[in-house]
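K.L.:
Mind looking over this structure? Questions follow.
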Amino acid sequence: CHLIHYLRLSHHLIVLNFVIRTFDKLKFVSSEDINVTDDVFDGVEVRVFEPPGKGDERLRRSVVYIHGGGWALASARTSLYNNLCRIMAESLNAVVVSVEYRLVPEVRFPEQFHDALRATKHFLQPDVLAEYSVDPNRIAISGDSAGGNLAAAVCQQLSKDEHLTIKPKLQALIYPVLQAFDFNTPSYQQNMNMPVLPRYVMINYWIDYFNANYDLAHSLLINNHTALDVGQALSFRGRLNWTSLLPSSFKKNYKPVIQTTGKAEIIQEIPALLDVRAGPLLAENETLQLQPKTYILTCENDVLRDDGVMYAKRLQNAGVEVTLDHFDDCFHGCMIFTVWPTDFSAGIQTRNSYIKWLDESL
């Protein structure tokens, strides 16, 4: 993929997505148990999973789901996410709306955020909810990895929208990526070479998302963009102070990496690094206080572990009810791997715990 990119034949992410879809043989299928339809919500493609019973008098709960993949890979239509959303719809007797936001390199930040926001706001309209027999008081917004990033950012935006009459009751974030401020949290240091999502891969996802230069990767890795002399980062530093936000069991013996002198031009070149729509963990306390009851799933073997743990702590400090569901023996991305030949016990374990919380809380 990278060779094709280097030869300028195509972007490597386009090639990788092509490979993923080539091996994914899922056909468009509806069953007696779950009806699957594709629709467009305010210009954004979605896939809707509906349990039987549409049109009866009982209103159902609902989950808006945003898939992961570094804002660049996968799809609401791939078998792994179809399987997850179908099981959610069956287990919860809920309408599940899976958002097919546009991907890098077709679009860059903030377009993925705008797609997810538009689709969610469209679904939250009273007439649309009535069409799908959804209870307006029992709606959750959820997502994994980059989808968890978008779900958290969308939830923050919805919470501040004074014109919106219906808002999510819950948010459920699965190993979410929540900040590009510090690439040396204990989990980034501990898991820097962990398969599935090594640190350099996560940094490259951010670079692609922001349409930035790969030459900046090393500077980002050593936190040059948030050095002490970078004035733009000063107001955010306390919001991501992992020495106070993480428990000692996660901090272990790791030390903060804070450069005295860095490169302020990085922030000038990529201002989105400090944009709360890209990094929901950067949000001010006044916004966090408005968030709904929250579930955050984290995995020990994941560079993003501390993003989720810090967000849980900041939300708790802001008065939000939070369930932090941490798995010591699991890895990033595990929850979608529940189908042969990648039917891992970690996937079944995390998926069951996630659905159980939704069933009890939604």
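Backbone N, Cα and C define each Cβ position, glycine as well.
Not measured: the values here are computed from a predicted model.
The annotation domain 'Alpha/beta hydrolase fold-3' is assigned in TrEMBL to 63-221, 275-335. What TrEMBL lists as active site is S145, D302, H332.
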K.L.:
What average pLDDT is reported by the model for the domain 'Alpha/beta hydrolase fold-3' (275-335)?
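P.N.:
Mean pLDDT across the domain 'Alpha/beta hydrolase fold-3' (275-335) comes out at 97.
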K.L.:
Cα-Cα, whole number of Å: D302 (active site) versus H332 (active site)?
P.N.:
5
K.L.:
Looking at Cβ-Cβ distances, which residues of the chain lie under 8 angstroms from H332 (active site) while being 6 or more apart from it?
P.N.:
S145, Y175, M194, V196, L197, C299, N301, D302, V303, L304
